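Only one structure is covered here, and it is reproduced in the block below.
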Amino acid sequence: MSSAKLGSASEDVNRRDANYHPTVWGDFFLTHSSNFLENNDSILEKHEELKQEVRNLLVVETSDLPSKIQLTDEIIRLGVGYHFETEIKAQLEKLHDHQLHLNFDLLTTSVWFRLLRGHGFSISSDVFKRFKNTKGEFETEDARTLWCLYEATHLRVDGEDILEEAIQFSRKKLEALLPELSFPLNECVRDALHIPYHRNVQRLAARQYIPQYDAEPTKIESLSLFAKIDFNMLQALHQRELREASRWWKEFDFPSKLPYARDRIAEGYYWMMGAHFEPKFSLSRKFLNRIIGITSLIDDTYDVYGTLEEVTLFTEAVERWDIEAVKDIPKYMQVIYTGMLGIFEDFKDNLINARGKDYCIDYAIEVFKEIVRSYQREAEYFHTGYVPSYDEYMENSIISGGYKMFIILMLIGRGEFELKETLDWASTIPEMVEASSLIARYIDDLQTYKAEEERGETVSAVRCYMREFGVSEEQACKKMREMIEIEWKRLNKTTLEADEISSSVVIPSLNFTRVLEVMYDKGDGYSDSQGVTKDRIAALLRHAIEI
């Protein structure tokens with residue numbers, strides 16, 4: 001790549017190039033918008049009418065508790081639970097009776113268990129003991145029951161042997177039964193075996209489940225139609241937000257000014273929409289989409305293109321946080337720096353306009369500085385040849401992975417609670433933030449370490465673990481996969497122990513972890529977004545659901 005294209009970048013420096021592919025979307029999201037709501041007041045009226053019908057179904061008193069549990073679960077899985085948060089909480093509190101399960105079959109017990117644990121209610125896994133035979137083994141051949149049991153096992157915490165047995169039992173049975181199943185159950189099972197619901201991006205899970213539920217003979221027509229209309233209405237909002245972000249990206253002309261970096265504004269929006277899709281979080285989504293865009297540019301500059309001297313100058317400029325500092329960094333970096341300052345200034349103005357104050361913008365700036373410092377350390381690893389210990393690498397990578405930053409910035413953008421106390425607590429990297437960050441790092445490194453080594457990088461969780469503990473590459477990768485499961489159990493545990501302050505961090509921690517699970521399930525789906533990532537973005541942001 002010609003250094004001359006990048007302004008004052010030195011032409012005699014041997015620079016690396018990751019050869020990232022261009023955007024797969026071109027200007028599509030700059031011009032594309034849904035016409036679903038155009039001049040169609042009847043759709044809005046129908047949506048409101050159906051919402052009331054579904055609410056009535058949810059709150060009506062009934063002695064048929066299995067049906068009420070199933071309905072509550074379907075509302076959530078169809079992606080419309082955010083309309084009924086108060087009603088769902090009330091229903092779950094009623095269902096949180098430890099004796100109720102004595103009358104449930106295994107299918108209902110599994111759904112009940114997953115629902116309650118998934119919403120922070122403490123339920124013992126002992127509820128599954130009565131479904132084991134005299135030999136201590138589970139007994140069922142029913143595919144739907146096995147599917148529900150398998151989904152429930154992913155809410156397990158450390159030490160729950162019965163759920164470890166249940167996941168092995170149900171997975172083995174489902175894999176054997178899958179070829180014999182018909183639609184829609186076969187797709188439900190296939191999706192769960194690929195990515196269980198608890199670990200899936202909730203918006204993507206809803207997109208998958210809507211046509212599956214629509215094909216069920218026992219479906220509720222009003223609920224099915226409501227889910228379709230609501231999905232399309234939300235999609236129209238998300239398209240408008242992405243169009244605005246694409247316009248900002250285009251105005252700065254990042255792709256042509258920084259051709260070594262990933263051009264991934266749509267993928268970044270998909271990431272942030274996966275973390276919080278609800279309309280009330282529009283401001284947070286817009287801000288975080290720009291943040292992930294600018295952070296990605298900085299990451300690529302430090303990882304791939306910049307010299308150690310150049311990135312050190314940029315780090316110093318970030319510490320100053322002053323437009324005057326732009327004069328002290330290489331010309332090619334200046335567009336990143338001015339873009340960065342502009343994002344935070346715009347966010348501050350929007351917070352003041354929306355809420356009357358800037359809602360702890362200083363926390364946002366500090367956590368951004370922190371991630372740049374972590375990038376600096378990683379650049380020093382590469383340029384000096386320094387190999388950190390495994391613990392030293394992981395301590396820095398918890399920050400460089402970005403999840404602490406994204407969680408704190410999401411909290412500021414959402415602004416739903418006593419923010420300063422929550423931010424003080426979240427800034428200490430509590431257990432749930434640490435678990436989320438570690439899962440992200442293990443997943444990321446497993447999928448990217450070989451590509452990074454082709455660029456000359458030798459520091460990763462895999463390589464540091466191999467070096468320190470004297471194990472093979474295969475053994476190190478196996479250990480990383482085991483650690484992902486351990487940290488998921490720890491993350492699950494923290495959701496059950498959450499107090500008033502930490503409960504506000506539960507959903508961001510879970511959702512960012514879910515996005516990473518999905519984005520990297522078939523490789524680095526952010527850097528290489530030409531395959532399944534493109535398909536998923538199209539499903540969520542391009543193709544409406546047929547009514």
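Placement of Cβ uses the backbone N, Cα and C atoms for every residue, glycine included.
Keep in mind the model is a prediction, meaning the values are calculated, not measured.
Annotated by Swiss-Prot as motif 'DDXXD motif', the relevant range among 49-53, 244-248, 299-303 is 299-303. Between Asp299 (Mg(2+) 1 binding site) and Asp444 (Mg(2+) 3 binding site), the C-alpha separation comes to 14 Å.
Counting only the Cα atoms, the space from Asp444 (Mg(2+) 3 binding site) to Asp303 (Mg(2+) 1 binding site) is about 15 angstrom.
Under a cutoff of 8 A between CB atoms, and with a sequence separation of 6+ in the same chain, the neighbours of Asp303 (Mg(2+) 1 binding site) are Ala18, Tyr375, Glu378, Ala379, Phe382, Glu452, Arg455, Glu457. Sorting each residue of the motif 'DDXXD motif' (299-303) by its DSSP state yields 5 helix, 0 strand, 0 coil.
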